[in-house]
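K.L.:
Encoded as structure tokens, here's the structure I'll be asking about.
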């Protein structure tokens, strides 16, 4: 019986990793494809509307999940929302900062993928590992091992190598992408997005360690409220004239709707991986996704020139991801919080932590992952 249970857990573990790899790869490629100039000079969709629609769908899905949790009772659903959201305004308001940062992050990612090929974006976006480590040390007093710092240096070296221009023959798409000004905009967007991702994630984790913790779904509903507000504000402030002239859904194609659904539902995939897998396997999934993105960008999208420096840089980033993931599997956490939630530790806790604490930590981290982007 125990053997069958272990077999089932392994099946779920590797299946969730397969889905994560597929979801990450398809999301980046679909977003990149959706931001390429359409045939016949037709204008692209308005990026801020995509972000708002994906947040609305995510919010609706969270409401459905909460309704199911409340035995499909609308009355119980309403009571839960009133007691956890409306009657706790200070707790809900705390989510405004990470929500705003996640909204900014999504806009920056779309800007980056309008200027960079999918492979370069995904490799460079691994800088979020560096920014997360930095803010974890700064805000959470988290201990980073010496080998992890080495991994971060390798990561930076790999990212730098990826930025070197290719001397090979370029297609028309590559020539457009090789525009120095456009490339600079894309790189700045990726760097800013990595900073936003790192700070928002660590700030959110710090918030969870120091405050009362409702269910995963309630947390995401609280996040969703502000995400919708900030998303709508982005549409009104930045693109209201375009929306008034062209219409809200102008430029939407099946690929755009695919991006929206992947963005809205992607958090559930990450939550499954957090539950069934560890950092080493997640690092493996990330590495495979990077390789697949490179191959698809080269073979399908034809906007990537593979050369020695790019391959070497990508290899270094993959190596750094593995090293950092292996080391963080046993990284201790120095708790600086004065709250009574002393049993809460980082996701990368040591193996002697009890199963109940492990489950609680994974639930806490799920709040963050369900609300973030790629």
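The backbone N, Cα and C atoms fix where each Cβ goes, glycine too.
TrEMBL feature annotations, pasted as is:
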TRANSMEM  12-32  transmembrane segment
TRANSMEM  44-68  transmembrane segment
TRANSMEM  147-164  transmembrane segment
TRANSMEM  184-204  transmembrane segment
TRANSMEM  216-237  transmembrane segment
TRANSMEM  257-277  transmembrane segment
TRANSMEM  284-302  transmembrane segment
TRANSMEM  308-326  transmembrane segment
K.L.:
Let me spell it out: take the transmembrane segment (44-68), skip the flanking residues so only those 6+ beyond its ends count, and list any with a Cβ under 8 Å from a Cβ in it.
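P.N.:
Residues 34-35, 37-38, 74, 77, 80-81, 103, 106-107, 110-111, 114, 215, 217-218, 220-221, 224-225, 227-228, 231-232, 234-235, 238-239, 242-243, 246, 248-253, 256, 259-261, 263-265, 267.
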K.L.:
Residues of the same chain, at least six outside the transmembrane segment (184-204), with any C-beta under 8 angstroms of its C-beta?
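P.N.:
Hits for the transmembrane segment (184-204): 97-98, 101-102, 104-105, 108-109, 111-116, 120-121, 124-125, 127-128, 130-136, 138-140, 163, 367-368, 371-373.
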K.L.:
Going along the chain, which residues at least six beyond the ends of the transmembrane segment (12-32) come within the CB cut-off of under 8 Å?
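P.N.:
The answer is 109-110, 113, 117-118, 121-122, 255, 258-259, 262-263, 266, 269-270, 272-273, 275-277, 281-282, 284-286, 288-289, 292-293, 296-297, 300-301, 303, 374.
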